[in-house]
Structure formats: C-alpha cells, structure tokens
Amino acid sequence: MTGAIDLLLSVRGHQRIPSDTKEFHEATKRDALMRLKKDLDHLLETVEESRKTGVQKEMCGFEALYHRFLQEDGPSVEWDRIEKLPEEAVKDYSTLKLPQEAHIRDMLDKLVVVKLNGGLGTSMGCHGPKSVIPVRNDLTFLDMTVQQIEFLNKKYNANVPLVLMNSFNTDVDTEKVIRKYKGFQVQIYTFNQSCYPRISRDSLLPIAKDFDIENDIEAWYPPGHGDFYQSFQNSGLLRKFLEEGREYCFLSNIDNLGATVDIKILNRLIGDDRQGDKPIEFVMEVTDKTRADVKGGTLIHYENKLRLLEIAQVPKEHVDDFKSVKTFKFFNTNNIWARLESIERVLNAKTMNMEIIVNNKTLDNGIRVIQLETAVGAAMKCFDGGIGINVPRSRFLPVKKTSDLLLVMSNLYSLKYGSLVMSPQRMFPTTPLVKLGDNHFSKVKEFLSRFANIPDLIELDHLTVSGDVTFGRGVSLRGTVIIIANHGDRIDIPAGAILENKIVSGNMRILDH
C-alpha cells in the first residue's frame, strides 16, 4: 500500500499526474476517503456525550480538509498566470487619514480584537503558552495586549473586546492567567481552535485510537491559524458580535508586539476616510520586504483577485524569483482586518477555500505523520473588495527567537500603555539585524544569564554572536559587531565596553582574583 500512498502524496508537488495512472490514482483516493470516514466514526464513538456535538462539527471540518487534500492535483498557483499587482491594490499607509476625535469611540465600538494564542513557548525553552513569557519590564505578551486595549477603552470611553483563540495546548493555562485581568476595563473572551488527528504518512489514516487527547497528545494537532474562521463561528462569538452591531475584527499573532489597533486603518474601513459604496471586506497589512524576509508570504494578483502566496506554494524552479526583493516588494505581516458579516456569508456559502499546507513531521517514537493546515491570510481570495495596506515596519515586531527578545528589551524601545515605541534617538526606522548562536542563546533563561543588563543598541546595525559569550553591565554596541568564541573558548565583554564596527574572536576571559 505504501507505493500507492507515495504516489498519492506526489500530488502535493508540482507534477501533473500521468494519464495512465489516473484511474489507479482515483481508486486510491476513494479508498483513502472511505477508510478515513470509517476511522473517524470509530473515534467519535469514544467521545463523551456532552462533547459530541462540538467534536462532530470539528471532524466535519477535518474531513472536508482531508477530501480537498486528496482532490488537489498539481500546484495551487500556476506561475505564469501570476499578474502584476494593480496600482490600487496596495494602499500606502501614509495616505490614510486620521478620523475626527468625536467619531473614534463609535468606530471602536464596532471593532473586535482577536489574538492568535495557540502557540507554546517551547522553542524558546519556556513551559506553557508563549503569551505568558515576560518580554519587557516583567510584562508578558498578554499583559501588554490587555494594557493596549484598556488604554483605548479608557481614553475614548469605548468597549473594544479582546478575543483569544487558544489551542488545546494553551487553553487551560490561559484560562487561569486571564483571571488576573478581572478588574481591567477589557472584556476578554476565549475560544478554542479545532483539534485534528495527525495522519500516518504510510496509511493516510489517523494515528489516534480514541478521543482521550491528554493521554495521547502526540496524535493530535491544532490545524494552523486558517482554522480561525470556522472555529470562531462554531464558538458562537461571530454571531454574538454581529448581533451587538460590531462590524470588523482585527486579527494578529499575539507575539507580534507591533500589531496594535490602528485608528487610521479603522477609519478607512468605517470612518470618514471610507471610499466608494462597497465595503472593504478584507485587509492584509503588508510591509516592505528586506533580505531578512525573503521567505515570508507575499501578495499577488491571480484570477482577478488579490491573494496570499506562500513559499510552500512556489514551484522549486521559481523559488529564487519568489525571494527577489525587486519582483515581490511586500510581505505579509499576518495583521488582518476582516468584515464580520462577510466572514459569516463566506462560511455559510461554504466558499472558504484556503490552500492546504502539508506539514510533514516525524514524532519522537519514529512515526512519520502529516498535518493538514491552513493560513488565515489565504482566505483573502474568498472575499470581495480586499486590499493590501503597506504599513510601516514598526507594525511588524514579532518575537520568535531570543534575538527578537534582545531588541524589544533594549533601549531601542520605550513602553507606553502596553505599546512599544521606537526611540527618537534611533537615526533610521529599521531595526538592527541580530543573530545569536543557538547553542548558548536559544533558550530564554540561558539568554538572560549572559547579559548583566541589555546593551545599548541605539546605533547598532548588525550583531552576530556565536559561542560562549557574556556581556558585562553598560556595554554599547554600534555599527556592525561580530563576536565569535570558538569551541572551548570563552569571551567576556567587559562592563562599559564600547564596540563599534568590531570583530572579536578567540578567547577573552575576565576572572576574579
């Protein structure tokens, strides 16, 4: 059977299937789908009665995703059919107008803020949800988000709710943490994204034997942030907010500290800067691509629609074209504004058709599995009147690694009502490029132990640190600084040191005597 499965999986590449194998291929697909339905029915028998309705909805979503995975032949985008972006497709942020102060409260009362909160902090060596990692002044991502929204609500006497999309990995811990915000002027809602079974790459069937997720957590996964739309509707929150008269949601990753509510963008959607009779249904915030962003998704025009193009969809022979800063000038920040009424319409019409990301993994026990995922921005093509807005780089400040953490903890930024504001002393708007060695800096605890305090980075362009390196108090880094301690060596940068356009290598150790 494995040979048939490998043939089936070759569909996910960019080769069309030869006609002489088509009949065999169709039979394999039918067989796989029938066997999956049987397996899902068996799994559903193990669900406790109180959860059955919700789980059945989720499994319907999974079955539809799986069916599309089997159906799709060849690439989702034919390279030669990508068209040049129309002139009006991407608006420049600088052309947006500030609303009149008197209208801001009404606009905010039509908004819902959604944060994607499904990720764990394991890649940075932390336990529990990533959103509870302290990033600045002992404040976590979640603390800063709540502060930002409370500030808006207090300043304008508004009622912007915060919605957290959790996963089964983060739900329990998040529910405990949000109790501490009870006294804040922010209504917080949570819902869980779907929980789908991982599929064996060999059999194309779920590896789970029952719905006891906690006891077999490796057999299950959250299917990417594209699952937001369906899970949001399933939770009942989409309908609730529509009934309250809310019109738009602003959605972003909780670890993007630049993704704050922007009054100018909101004004373009529902304020006095709105243009034309038709509402804008979908906005993707993009920003100028740099050499550090070449793998990020970009905006293209295809079949008369704006849509997201991810590197996974690009044929191998065109990957260099995709990475070109000249050809594709923008990349997706994953800050999305979507009209609630339009989300409901597209879901009810069953026209939410996002490209499937096939994520191959090998589990600790050696089992090779497939996760079928989707990306939230890929829904753009399903909406009418979508636009891109080219926003300043300051709206894209993700913390994925400790190198990002170094920047947000430094004097490059000050903290104002939960928002990070770049220092006016910084001469250029871009942030420095920082690369910290994985072996000594990748985990938060070890990273923090290597700095007596965070160096002055105001005049830094580029920093590379590799090996066993520590920094004393009051160090200043300027221009391009490269510090490399070879294997077995250690470098201690002394307190008060000023390194400007310097390469430091070898062994430099300061010992007490």
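Cβ atoms here come from the backbone N, Cα and C positions, even for glycine.
The UTP binding site annotation in TrEMBL covers K130, Q193, G224, D255, K400. What TrEMBL records for H225 is substrate binding site.
Features per TrEMBL, on structure.
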residue: K130; record: UTP binding site; Cβ contacts under 8 Å, 6 or more apart: G119, L120, G121, M124, F141, T170, I254, D255
residue: Q193; record: UTP binding site; Cβ contacts under 8 Å, 6 or more apart: G118, M165, N166, S167, P222, P223, H225, D227, F228, S231
residue: G224; record: UTP binding site; Cβ contacts under 8 Å, 6 or more apart: I357, E373, T374, A375, V376
residue: K400; record: UTP binding site; Cβ contacts under 8 Å, 6 or more apart: S123, D255
C-beta crowding around D255 (UTP binding site), within 10 angstroms: 22
Cβ neighbour count within 10 Å of H225 (substrate binding site): 26
Cα-Cα distance, maximum over K130, Q193, G224, D255, K400, record's UTP binders, Å: 21
